[in-house]
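These come from Swiss-Prot:
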type	residues	note
TRANSMEM	4-24	transmembrane segment
TRANSMEM	41-61	transmembrane segment
TRANSMEM	85-105	transmembrane segment
TRANSMEM	134-154	transmembrane segment
TRANSMEM	159-179	transmembrane segment
TRANSMEM	192-212	transmembrane segment
TRANSMEM	278-298	transmembrane segment
TRANSMEM	301-321	transmembrane segment
TRANSMEM	327-347	transmembrane segment
TRANSMEM	356-376	transmembrane segment
Amino acid sequence: MRRLLTPWRGVAAGFLLNGILLGTWASRVPAVMGHFHVAKASFGVLLLLLGLGALISFPITGRLSDSLGAVRVARMIAIPFLVSIAALGLAPTIPLLAIALFLFGMCHGSMDVAVNSWASEVEKHMGRPVMSSFHAMWSVGAVLGAAGGYIATVFQTPVYVHFLVTAVTIGGLLGPFLLLDWQSTIRTHESGAVGLVLPNSGLFLVGLIALASGLGEGTALDWSAVYLHDVVGTEESDAALGYMGFSAAMVMMRLKADSLVTRWGSATVARISGFSAVFGILLIVLGETLPLVVAGFVLMGVGYAAVLPLAFSRAAADLVVPAGKAIASVAIFAYGAMTLGPFAIGLLAEAATMRLCFFIVGLFAALVAVLAPVLKQ
């Protein structure tokens, strides 16, 4: 058992690191906006740079993971990733903040691809499903990052101090686990670019489900703290509670998701997930108090936790399109929504209200419940 747990710990450390740094950033968004006096629309453009950095990194890191080995790439990315979170706190001007966000997004996307590739190797080595446990570790990291942000704001810690301390501490605690012994599979690519395929009708509907989930997750990450601060009127420290509750709920649901799918089936779990997300967003939109709105974010977390894993599993089982291309096609919907969704919300929030923005996200969440039958395998 110890022999099997050793590689698991290494991958889990990579997921934890990714989640902690994203949660750390998300929890201090209102502070960064206030420091630079940035309007929501302008900040949406900055968030777009973060997402674009991640999207650009996906194909690059995928090829590097194949040619160099996923574990080696994860180790190579770890230090620049830690440096990038520190740079976000130290950036003195908006242009430098934009550059730091783009680099932070690239490091986040690169680490995401590398540790998922590494996780698939370890899962095969262990001989049983463990992927959900790794994604749960990402959510644990996000909760820890958000909790750190809450503590930092309570004690009025400057953003640059908070981010620097986080980078040094997390690097020291998790770095050794990334160095645990593991030999990744090395693959060679044939000449020519690896392209995506246009999804068939079934995969297109799966893609819409992934889009709805990606939009919800991206909105919670980038705008939950702003919503609580600006709409509900909470203190900056309490604004971190929304994403903390969202992430904590995702942890618990992801730890249970595999057993629920075995018992009820993919479609039923997806349908219940969609209803949970819709109800949670209604609480957020209609709620006027901190406990009620945080409860809404918790239900959002429960609702979105299992959706993307179910969508990718359905894509991999497609009878027409090969698994790799099918997953890549569906991933474009999810990551495109995570990238463009927060940007669009920033623009819409300037023209309308944040409540309307979240209501629209809820309409997309309803698609998950409606389209759930397409996830049957």
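All residue numbers here begin at 1 and follow the chain in the order shown.
The backbone N, Cα and C atoms fix where each Cβ goes, glycine too.
Small disclaimer: the values here were computed from a predicted structure and weren't measured.
Counting Cβ pairs under 8 Å to the transmembrane segment (278-298), the stretch among 4-24, 41-61, 134-154, 327-347, 356-376 with the most such contacts is 356-376. The transmembrane segment (4-24) makes contact with the transmembrane segment (134-154), as judged by at least three Cβ pairs under 8 Å among residues 6 or more apart in sequence. When Cβ-Cβ distances below 8 Å are used as the criterion, the transmembrane segment (85-105) is approached by residues 21, 24-25, 32, 36, 38, 46-47, 49-54, 57, 158-164, 166-167 of the same chain, each at least six residues removed from its ends. 301-321 is the stretch from 41-61, 159-179, 301-321, 327-347 with the greatest number of Cβ pairs below 8 Å to the transmembrane segment (356-376).
With Cβ pairs under 8 Å as the measure, the transmembrane segment (41-61) is packed most heavily against 327-347, out of 159-179, 301-321, 327-347. When Cβ-Cβ distances below 8 Å are used as the criterion, the transmembrane segment (159-179) is approached by residues 9-10, 12-14, 16-17, 20-21, 24, 28, 31-32, 35, 74-75, 78-79, 82-83, 85-86, 88-90, 145, 148-149, 152 of the same chain, each at least six residues removed from its ends.
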